[in-house]
Amino acid sequence: MSVILVTGSYDHEIRFWEAWSGICSRTIARSGESGQVNRLAISPDKRLLAAAIHKKVYIYEITSASTPLTCLDAHTNNVTSVSFHSEGKWLVTGSEDGTIRIWDLRSTQVHRTYDNGAPGKFYPFFLNDVCVHPNQGELISCDQAGCIKQWDLSENLCSHELTPAGDVPIRSVSLASDGSCLVAGNNKGKCYVWKINEEKSDLPRYQAVTKFSAHKKYLTRVLLSPDVKYLATCSADTTVKIWSISQNYEFRQEKVLQGHQRWVWDCAFSADSAYLVTASSDHTARLWEMASGETVRQYNGHHKGETPPAAVCCALHDGAG
């Protein structure tokens, strides 16, 4: 499978698609099971799919049956993020229970837990997103309290903390593939950008370089392209905006991707940064050509009878396995 495209939905289904034909090639129906699919991640070798479903993470073999290989069960609230380590042996999850967990996929045990704050009534400590630094030695998280934190895997602690907009919740974070910059988006549609300097330099680790208003409504996802030339921002305003990035970290709006009828929740770039996949509350996912800003394929199939009816997450892996 050279191109793997997967979507997840509040209809509880996970669907695999033939990217160019738009045909659904396989469905994991999860009949009779509860819990919406929150996030999806494909392992670097294209062998495994991790699906965050309510409080649990299910690991599926991409080429085989619809029964999960294993279930990672330790979080006590919604799992909001899931990422593979570069070698595919570890999985990182973040949750509304206020914890980040690192899982050893060989033993399916929790290897380490980072506590972002007390769960339960302390709502601000909910984690909204977690990503792995390209150096594989650090994690970046963002939460409902408006904090962005760097967690060092070697020292087992939070080493840096940023609060760019006070207590306005940070919804999404994205790291450049070369580790050069960090972008965060908040609930008010604003984006914040930091240049990442070497720890050994005299400059601050995170050097604020710019901020801008990307959307007037709720922002759901920020994602830097693999070539670090573009930023995609998804929003409740039904659009995805594409921003070009200059060498001085100037962000200029290049295109507005219009076609979805409701909130756009998630997006994923192709390996060559030429295409973008998006998932929306209008039940569909779309494949966009970056050069033209046009939809080249639409993926229909998630059930419209569900409330809320939404395709809320997507994952794409078309690079080397």
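Each residue's number is its place along the chain shown, starting with 1.
Here the Cβ of each residue, glycine as well, is placed from N, Cα and C on the backbone.
What TrEMBL lists as repeat 'WD' is 1-18 (among others). Secondary structure of the repeat 'WD' (1-18) per DSSP, as helix, strand and coil residue counts: 0 helix, 10 strand, 8 coil.
Non-local neighbours of the repeat 'WD' (72-113) in the same chain are 38-45, 47-48, 50-59, 119, 122, 125-132, 136, 139, 141, 151, 153, 156; each lies 6+ residues outside the stretch with a CB under 8 Å from one of its CB atoms. The annotation repeat 'WD' is assigned in TrEMBL to 72-113 (among others).
With DSSP states grouped into helix (H, G, I), strand (E, B) and coil, the repeat 'WD' (212-253) comes out at 0 helix, 23 strand, 19 coil. Residues or ranges marked as repeat 'WD' by TrEMBL: 212-253 (among others).
According to TrEMBL, the feature repeat 'WD' maps to 257-298 (among others). Packing against the repeat 'WD' (257-298) from elsewhere in the chain are residues 5, 7-9, 17, 19-22, 39, 218, 220-221, 223, 225-227, 229-230, 232, 234-236, 238-242, 304, 308-320: each is 6 or more residues past its ends and has a CB under 8 Å from a CB in it.
Regional average pLDDT for the repeat 'WD' (257-298) in the model is 96.
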